[in-house]
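A short worksheet on the structure shown next.
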Amino acid sequence: MTQLENEVPDKDHLRFFSLGGSNEVGRSCHILQYKGKTLMLDAGIHPAHQGLASLPYYDEFDLSTIDLLLISHFHLDHAASLPYVMQRTNFRGRVFMTHPTKAIYRWLLNDFVKVTSIGDSPGQDSSNDNLYSDEDLAESFDRIETIDYHSTMEVNGIKFTAFHAGHVLGAAMFQIEIAGVRVLFTGDYSREVDRHLNSAEVPPQSSDVIIVESTFGTATHEPRQNRERKLTQLIHTVVSKGGRVLLPVFALGRAQEIMLILDEYWQNHKEELGNGQVPIFYASNLAKKCMSVFQTYVNMMNDDIRKKFKDSQTNPFIFKNISYLKNLDEFEDFGPSVMLASPGMLQNGLSRDILEKWCPEEKNLVLVTGYSVEGTMAKYLLLEPEAIPSVHNPEITIPRRCQVDEITFAAHVDFRENLEFIELIGASNIILVHGESNPMGRLKSALLSNFSSLKDTENEVHVFNPRNCVFVDIEFKDVKVARAVGKIIEDLDEFITEEDALKNEKRITEIHEEDPETEESKTEIVKEENEKIVSGILVSDEKNFDLSLVSLSDLREHYQQLSTTVLTERQTVHLDCKSELVYWHICQMFGDVDVYIDEENVSLKNINPEFKTRKIKKGELEIKIMGDVILNIVDNVATLQWTQNVISDSVADSVMAILLSVESAPASIKMSSKSCGHHHGHDDHTTKIKNISRVFKEQFGDTFTLFLNEEDSKEEIKGTINLGKTTACINFSKMVVEECNSNPLKGRIESLLKIGSDLVAPLC
């Protein structure tokens with residue numbers, strides 16, 4: 001066992017350390033420990049290394065102690081070692097990611113598993129050298145669970161909520177809560193609204209700790225419009241002179257963003273570009289599969305993409321000017337062209353093959369658009385070397401005469417965006433990850449300078465930039481707060497209501513003391529404060545860090561696992577009707593009825609085999625209702641027996657009400673099987689809208705108002721929702737949201753309109 005495995009943090013200290021991704025970009029993997037809970041954040045590989053050397057330092061920690069693993073997004077440096085963790089180590093925790101991330105994850109890693117090799121020795125069986133196999137990938141995939149944005153889940157006392165992070169489709173930042181301490185893990189995030197993704201969200205709840213990326217350190221991005229213009233102009237210039245342009249990209253993420261830019265530019269400049277004489281290709285083994293995911297999750301993208309999809313009824317990711325290449329055998333390399341090829345780091349694959357083919361010609365261009373990790377060919381190429389080694393035989397060098405340029409479209413925050421976001425979060429502890437040492441060090445200095453005015457105060461901000469496998473221990477004083485539940489809450493609500501009523505009638509005693517010299521008055525206000533003393537049982541749930549104050553009468557309802565006395569109740573009532581009539585009424589009221597004894601076969605069901613050996617009396621009927629309440633009828637005497645609890649008590653009360661009223665019930669006097677004679681006409685449009693508006697009334701209560709002029713049937717029917725500063729205007733006649741200043745609320749209203757149309761209207 002190593003030092004990391006042996007040391008356990010003090011119960012009042014939150015411990016953070018990285019197995020990868022600290023003071024480096026690649027193999028992101030971070031560990032959080034607090035109150036006996038352990039979770040891992042991301043499980044990536046280092047793109048500049050191969051085999052076991054590319055993994056985080058998993059041998060430095062006992063992975064069997066991990067309760068939960070959260071994956072922020074599908075990029076290889078954040079998710080590619082997940083199958084290794086799940087199948088090749090003693091990890092036994094649960095794994096969560098968003099739905100789009102899981103959809104992309106398997107395809108991306110299926111391709112990756114073909115090139116991950118531990119040994120480089122020729123003649124070895126590569127199937128035995130891979131970090132993991134296709135079978136490992138399939139088995140791990142089945143164990144991965146998904147989480148929706150803005151939903152909160154709990155695993156072994158660890159609560160976590162997913163929020164939009166921008167960056168790529170499906171990327172999430174997680175706000176984690178353990179024993180009242182909240183930690184925000186941003187993963188890779190972007191605060192810039194691009195052509196298809198929204199910017200990262202600010203969680204509504206504050207955080208005590210933020211684990212934030214520092215990829216670009218203190219650098220500032222050029223405005224997006226300028227970068228797009230430079231990109232298109234540079235490519236246009238090269239292809240106009242007969243050159244070829246290679247854009248190494250990740251298979252998913254920035255590739256789709258750049259394709260949206262180029263497809264629009266090619267569409268607007270057809271004549272200048274020879275009406276299709278300069279083709280654009282997207283070369284990736286996963287090209288079509290990846291694009292199908294983007295076409296599926298259009299509704300999770302920004303308003304611009306959704307509007308295009310809705311207005312034109314065509315998917316924006318079905319490109320008019322871009323063709324797909326699965327391999328270079330299909331590629332006819334004649335004349336100028338633009339090639340987007342993966343992988344983005346140029347370490348191997350299609351992008352590396354094209355680089356080696358095109359780099360000897362001066363008229364060609366390699367344009368790097370993403371972040372380049374130290375040690376990769378993409379980073380090396382930016383130094384403009386005279387030659388590059390062949391990927392298939394490193395002893396052979398290839399002259400590099402092509403142009404090399406960089407216009408970054410990497411979806412990472414710059415310094416200004418990062419600082420603004422950190423200030424909005426307001427955490428007093430900042431942990432920097434995902435950045436090379438120098439940019440990260442500069443960012444730390446800038447943050448400390450920015451928050452220097454808070455030094456030596458209660459709100460002092462601490463900034464950490466630990467190296468891999470170095471602990472950061474943060475102390476949190478344990479404040480125990482009990483949560484009142486059940487009847488105690490009702491008593492307190494009643495007391496508060498009474499106090500509010502009394503406050504309006506309360507007289508404030510004013511004592512005037514006159515100063516004879518100045519004739520000024522002093523006023524002293526005397527206020528009486530009433531207090532309410534409540535009593536109950538304090539229940540501690542150490543697993544989930546909950547402390548609850550529960551009334552004795554509510555104890556069994558809220559904490560069924562506690563040992564309590566079970567009471568069985570029995571009541572008897574005389575009947576003046578046949579058991580057949582009672583059985584009919586019971587079946588009408590309750591769907592869950594099991595027949596134990598039926599001597600006269602009134603139920604037309606077989607008797608439970610367990611009771612065939614028991615002595616049965618003439619005309620006896622015994623049934624079990626809702627799984628617990630037993631009703632026995634024999635000789636016109638009904639006996640009701642049940643175990644005392646909230647649900648069974650309610651069921652027993654209902655059954656007893658039936659027994660006492662069965663003789664006089666209208667249905668008992670006359671049971672009709674005929675259909676009614678009157679006509680059911682189809683409801684008009686106004687009635688349907690009224691029914692749909694009931695869905696909104698249930699969801700939003702008094703904040704929803706429907707404007708309906710029943711005298712003028714041609715006037716459009718509208719409704720409004722007012723939630724504080726957030727307002728929305730809905731046109732029910734057209735079933736659209738006309739105005740809304742909140743995207744989350746707008747999405748929710750659109751979903752309700754669809755539900756109302758599909759479910760409520762057809763029933764009208």
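Glycine too: its Cβ is placed from the backbone N, Cα and C atoms.
According to Swiss-Prot, the residue from Asp142, Asp148, Asp188 that belongs to the Zn(2+) 1 site alongside His73, His75, His167 is Asp188. The record from Swiss-Prot ties Asp77, His78, Asp188 to Zn(2+) 2, and of the options His269, His392, His434 it ties His434 to that site too. Distances between the Cα of His412 (active site, proton donor) and those of the binding-site residues His73, Asp77, His78, His167 are shortest for His167. Secondary structure at His75 (Zn(2+) 1 binding site), taken from DSSP and collapsed to helix, strand or coil, is coil. For the pair His73 (Zn(2+) 1 binding site) and His434 (Zn(2+) 2 binding site), the C-alpha distance works out to 14 angstrom.
Cβ neighbours of His434 (Zn(2+) 2 binding site) (same chain, under 8 Å, six or more residues apart in sequence): Gly21, Val25, Ser28, Asp188, Glu213, Ser214, Thr215. In this structure, the CA atom of His78 (Zn(2+) 2 binding site) is 13 Å away from the CA atom of His167 (Zn(2+) 1 binding site). In this structure, the CA atom of Asp77 (Zn(2+) 2 binding site) is 14 Å away from the CA atom of His167 (Zn(2+) 1 binding site).
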